[in-house]
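The annotation domain 'Sugar phosphate transporter' is assigned in TrEMBL to 40-334. The annotation transmembrane segment is assigned in TrEMBL to 38-62, 74-96, 116-134, 141-162, 168-185, 197-215, 235-252, 264-284.
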Amino acid sequence: MNRAPLKRSRILHMALMGASDPSGEAEASKEKPFLLRALQITLVVSLYWVTSISMVFLNKYLLDSPSLQLDTPIFVTFYQCLVTTLLCKSLSILAACCPGAMDFPTLRLDLRVTRSVLPLSVVFIGMITFNNLCLKYVGVAFYNVGRSLTTVFNVLLSYLLLKQTTSFYALLTCGIIIGGFWLGVDQEGAEGTLSWTGTLFGVLASLCVSLNAIYTKKVLPAVDGSIWRLTFYNNVNACVLFLPLFLLLGELQTLRDFSQLGSAHFWGMMTLGGLFGFAIGYVTGLQIKFTSPLTHNVSGTTKACAQTVLAVLYYEETKSFLWWTSNMMVLGGSSAYTWVRGWEMKKIQEEPSPKEDEKSSMGV
């Protein structure tokens, strides 16, 4: 029996719920030689790392580069959403013209669906805007710690909105993350590089990331479970909603006075940032597909560690022992939470259901 392709809706569900696709993974491992599978995983993980790290450094350049001196974070975010929208529509047209060449859903703007996706789009705008504002005001080295409370908000919102309790061990890992966050803030302050504005934006970005996952699950049925349709509608809504913000915050005048507005290099970097923003969603799904949600989370944590080290080396910064300790607490706590949740779900899957217990007791 041939394995059915793993839909992106299933990938997202696996990522949110922390579950894996054991049957599919088992079939895939039987079908493919070990070396080929290992090579595929290495390439996919490397692609995720390169895309994610490059996007962070490029956005830092666009948002806070002394050579650019462009203070328009809303415009930068708007342009990246515009690039993603145009890419989605272009791929949809290409797939319709060449049906055998690629698999991409047909995208037509439906106002009813647009309204259904709107609540998620508001959260999505908050997520990407606060992410970029955090990156604008803090260094790349501190960026991971500044946005480290996503796991904590996941636990908090799961209890407040879904009434789901969390185990003691998972709460313990959240405590380690919070401790690492506060130690990192303290050490940034001690070194004179702390930006309370950037830290606040990082906390708000973490909250929006958690809300985005919850609203995504609610809105997916409106787009027939298609991640690409959801991406398209989200970015269309974002482009429309960003325009009044762009005007109200006076960024239009700032853009008019920008000395490099006619520079091909500037627009090339802006477009490249949009391409990375589009690509990160794809490579994230690809990494989950070829590994598992658990491995994806571990890979993301390790990538964050590598990103921090690269940032310290690239910007020639000197950090204290306690500063590095705060990063290790955040990364260690995040990894431990991922492991605890994976272990708990595996334990639940292995436990027999009450009906099976009844059958076994009756000797059936």
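Glycine too: its Cβ is placed from the backbone N, Cα and C atoms.
TrEMBL entries are annotated by machine, without manual review.
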Chain residues in Cβ proximity to the transmembrane segment (74-96) (below 8 Å; excluding those fewer than six residues from its ends, i.e. six or more beyond):
59, 62-63, 102-107, 128-129, 132, 228, 231-232, 235-236, 238-239, 242-243, 245-246, 249, 251, 255, 270-271, 273-275, 277-278
Take a look at 141-162, 168-185, 235-252 and tell me which one has the most Cβ pairs under 8 Å to the transmembrane segment (116-134).
235-252
Would the transmembrane segment (235-252) count as touching the transmembrane segment (141-162), i.e. at least 3 C-beta pairs under 8 angstroms with sequence separation of 6+?
no
